[in-house]
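In what follows, a structure is listed as structure tokens, so that the remarks can point back to it.
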Amino acid sequence: MTTTREECAALDAADPLAPFRAEFVLPEGLIYLDGNSLGVLPARTPERVRQVVEQEWGQQLIRSWNEAGWFAKPHTLGARVAPLLGAAAGQVVVCDTTSVNLFKVLAAALGLRPGRSTVLAERAAFPTDLYIAEGVSALAGGGARTELLDSADQLADRLGPDTAVVLLSLVDYRTGELLDLPAITRQVQAAGALMVWDVCHAVGALPIELDANGVDFAVGCTYKYLNSGPGSPAFLYVAERHLAAAEQPLSGWFGHAKPFDFEPGYRPVDGIGRFLTSSPSLLGQAALESSLEIWEQVDLAEVRAKSLALTELFIELVDPLAKYGVEVVTPRERARRGSQVALRHPDGYPVVQALIARGVVGDFRAPDLMRFGFTPLYLSYTEVWDAARQLAEVLESEEWREEQFGRRGEVT
Ligand SMILES: *Cc1c(COP(=O)(O)O)cnc(C)c1O
């Protein structure tokens, strides 16, 4: 029995997260299934950003470093992101970008494992993670190198006395597969290596328990499920037990013990502050501050429950599209699924473009995956039903064959 649109409306009426929808700006007539790539704008954010621009910058000027808490912002925001990661305060800072933060934590992790030289990562990882791992390995010298796994299942064979660090994404950006963080972290640490998790596609989509599972390091971004806007600052997590010994090479003045003493030599500050490098991007941080006000009212267990229900519904509704060559790539098993559904189709690119033309926004990842992200705070069951219906119509009518849908933009 396929779920009907009426049943979806009933699910919406009983949805405990439904009131959050009013917190977001949702363009009229659009079903947005790309919040895993760029989250939508919170309604309260323009006012917050305006206040920082016009008041804190425009009027208070330089005084805002102290009076508006600008200087402490990477820490105060880090402490507010920490609960989303299952982390106690003092281990998270908000700064820079995911790639830059990954550079810092990978270098620190390698430094904590002298005599070991291999970084293990998944071949299918988000490529920037691999580029950064290769860059860090090359700079570290001493024969350090990054080796690629076909999947995390190979860890059992590949972990060894030379493995310094394992870097994995908690949720795969293409397939939406969710890895078993507790088991993999234990496995990696049992081999004497350190575990770095990239949680870009997990934070704000499901509960994450870094402290409880003894994770060593983590990085992630705030512009996907956390709705903080394009290019908003990322975060990094370093377990308390590593903070005294961990050193990172981007030794800028914000990580210095006394930045305003302007000493000629670098002396890292004690604690997580040593992972900072530069002046924070205050405007991006203002947007994060604003979206965190929403996240602080959210029960992540409810988010996870609805996320699973939405992805399950979408999978159920698109399964019959197998007759048009659509294959569900995302794991059907709940424990192995993040908050997106990836569908394989040889003409995925024009199909997604035709769908966007109908007001249903998903995206495409080469070579043949259509990606649909499900954001429980602002998506309804009815929208999921309508999106699946539109996809069926695009395939049935073959309108994706129209020439306009085959032209590629720079960002897919
Ligand atoms: C989105 C994403 C990034 C983004 O990196 P930036 O440096 O912030 O542009 C990195 N890694 C993964 C796994 C991602 O999903």
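Glycine is no exception: its Cβ is also placed from the backbone N, Cα and C atoms.
Unlike curated records, TrEMBL annotations are generated automatically.
Copied from TrEMBL, the annotated features are:
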type	residues	note
BINDING	T98, S99, F126, P127, T128, D129, D198, H201, Y223, W253	pyridoxal 5'-phosphate binding site
MOD_RES	K224	N6-(pyridoxal phosphate)lysine
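D198 (pyridoxal 5'-phosphate binding site) falls within a strand segment according to DSSP. Neighbour count (other Cβ atoms within 10 Å of the Cβ, all protein chains): 27 for D198 (pyridoxal 5'-phosphate binding site). Ranked by how many other Cβ atoms sit within 10 Å of their Cβ, the binding-site residues F126, Y223 place F126 at the bottom. Among the binding-site residues T98, F126, T128, D198, Y223, the residues whose Cβ lies under 6 Å from any atom of ligand 1 are, in sequence order, T98, F126, T128, D198. Across the structure, F126 (pyridoxal 5'-phosphate binding site) and K224 (N6-(pyridoxal phosphate)lysine) are spaced 14 Å apart at their Cα atoms. Close to K224 (N6-(pyridoxal phosphate)lysine) in the fold, though at least 6 residues off in sequence, lie G35, N36, S37, L38, G39, C200, H201, V203, G204, G373, each with a CB less than 8 Å from its CB.
Just so you know, of the binding-site residues T98, T128, the Cβ with the fewest other Cβ atoms around it within 10 Å is the one at T128.
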